[in-house]
Amino acid sequence: MHCSLNGDWSMQLNSTEISDLIKQRIESFEVVSEARNEGTIVSVSDGIIRIHGLADVMQGEMIELPGGRYALALNLERDSVGAVVMGPYADLKEGMKVTGTGRILEVPVGPELLGRVVNTLGEPIDGKGPIEAKLTSPVEVIAPGVIDRKSVDQPVQTGYKSVDSMIPIGRGQRELVIGDRQTGKTAMAIDAIINQKNSGIFSIYVAIGQKASTIANVVRKLEEHGALANTIVVVASASESAALQYLAPYAGCAMGEYFRDRGEDALIVYDDLSKQAVAYRQISLLLKRPPGREAFPGDVFYLHSRLLERAARVNEEYVERFTNGEVKGKTGSLTALPIIETQAGDVSAFVPTNVISITDGQIFLQTELFNAGVRPAVDPGISVSRVGGSAQTKIIKKLSGGIRTALAAYRELAAFAQFSSDLDEATKKQLDHGQKVTELMKQKQYAPMSVFDQALVIFAAERGYLDDVELNKVLDFEAALLSYARGQYAELAAEIDKSGAYNDEIEAQLKKLTDDFKATQTW
């Protein structure tokens, strides 16, 4: 090898010298270990931390912070990681060391959580001691595929006449409850949970961004009505960080999936997803993701679709495969009742339209109806159930066919009747019937009705037994009829509650019951 230096002299290097030089270099080389799952906080602001050095972190990974807290990795950038702190962040400082755990966020699941109030991470906040859950589950799970699903054909009774007759809900369905503030959305969901206390359906109530006093009231009501024992309450109140409010629905869903995947039935209420979307928008803007319509990030549709797709009815093969053959021949279901709050009845805003398009129907609650004393304030005109019809109890399905038609005709005629004074007999009769059906659909809170009670009341309305009852006496008539039936026809009531069947014999018995009651004139 020939090297020319300064052009005036040259030196020769032989192969031995070269190999010695290389050996020398190798011996003097220092190995500096680079911790790929350890990083340093470079900035802290508004619950968002930027971390330098976490090379091997995954999307959604738990990052351990000083003091036993965690952050969630959401932005994986070229030279830094953006993570959102779950919990208080005031004492975090630049330069602090953090560690990647290699785990996605998991929450405890199982029957041990029933009857308890927990936070987003599954930690008890009801002061009743620790929860000895044996299993945990990731909060983000891919929803069951098409092959694993089964069609919806079993009912979830809400206990509301208006819902069970016109907008029936099936096990594994997603039914949106939508309306302005103070229209009875939470009341409807809580009543649906109370009605499941003897149905074998487990319930999960997820409170997102609500006042702590409101949540305490809900828990007390569930306890008073004996429904807390088979309910899990997941709380991310208004005072919690945006990260916990964003994650709460997924945590609640993971707890519900435990029952679904083992051949049980569960009902989950998200109260409400508008607040979750706002929390997610806050996180996204702080992470400097580009805003879109109404300043929401581009993936706000996916935020809700991946959550609501996990509510499903799964078939026997899926359950058997999931439980390794322990549970055979049983289907499982998770029914979702997401709640969305609208502003001044605007259902065409971004988040409401998204959730309407994801769900299998919606129950629309109207402020005008609520203020007029029609409670629950269900608007039968724009409320639908896209898959619940095949899940409806046979007797309710047979009897309630005319209810929606009667109310639709009544609404049309009522608008017309305002401008016309001389109405013919048929129109007057239709208006009168519509008014009485509207009156009959009213129901008090915390008073869910059994299948028999609903069937009997609808039977009386449909067969003209209310025609000679004054409008202001309709609810008295209903109460007296039910009390009479429970006393005199207890066997029939038990049979209908159990089977939900409808045939000529049952029809004859209902007719005899109502005729006997009308003869007493005791309302």
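Quick reminder: no glycine exception, Cβ is built from N, Cα and C everywhere.
Pulled from Swiss-Prot, these are the features on record:
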{"type": "BINDING", "residues": "Gly179, Asp180, Arg181, Gln182, Thr183, Gly184, Lys185, Thr186", "note": "ATP binding site"}
{"type": "SITE", "residues": "Ser383", "note": "site 'Required for activity'"}
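Same-chain residues with CB within 8 A of the center of the Gly179, Asp180, Arg181, Gln182, Thr183, Gly184, Lys185, Thr186 CB atoms, the ATP site residues themselves not counted, are Glu341, Leu365, Thr367, Phe370, Ala377. The Cβ of Lys185 (ATP binding site) lies under 8 Å from the Cβ of Val177, Ile178, Gly179, Asp271, Asp272, Ile339, Glu341, Leu365, each of which sits 6+ residues away along the same chain.
The Cβ neighbour count for Arg181 (ATP binding site), using a 10 Å radius over every protein chain in view, is 10.
Each residue contributes its Cα atom, and for Thr186 (ATP binding site) and Ser383 (site 'Required for activity') these two points are 17 Å apart. In terms of local Cβ density within 10 Å, Gly179 ranks first among the binding-site residues Gly179, Gly184.
The least crowded of the binding-site residues Gln182, Thr186, judged by other CB atoms within 10 A of its own CB, is Gln182. For the recorded positions Thr183, Ser383, the largest tally of other C-beta atoms within 10 A is found at Thr183. Close to Asp180 (ATP binding site) in the fold, though at least 6 residues off in sequence, lie Glu341, Thr342, Gln343, Ala344, Gly345, Leu365, Thr367, each with a CB less than 8 Å from its CB. A gap of 15 Å separates the Cα atoms of Gly184 (ATP binding site) and Ser383 (site 'Required for activity').
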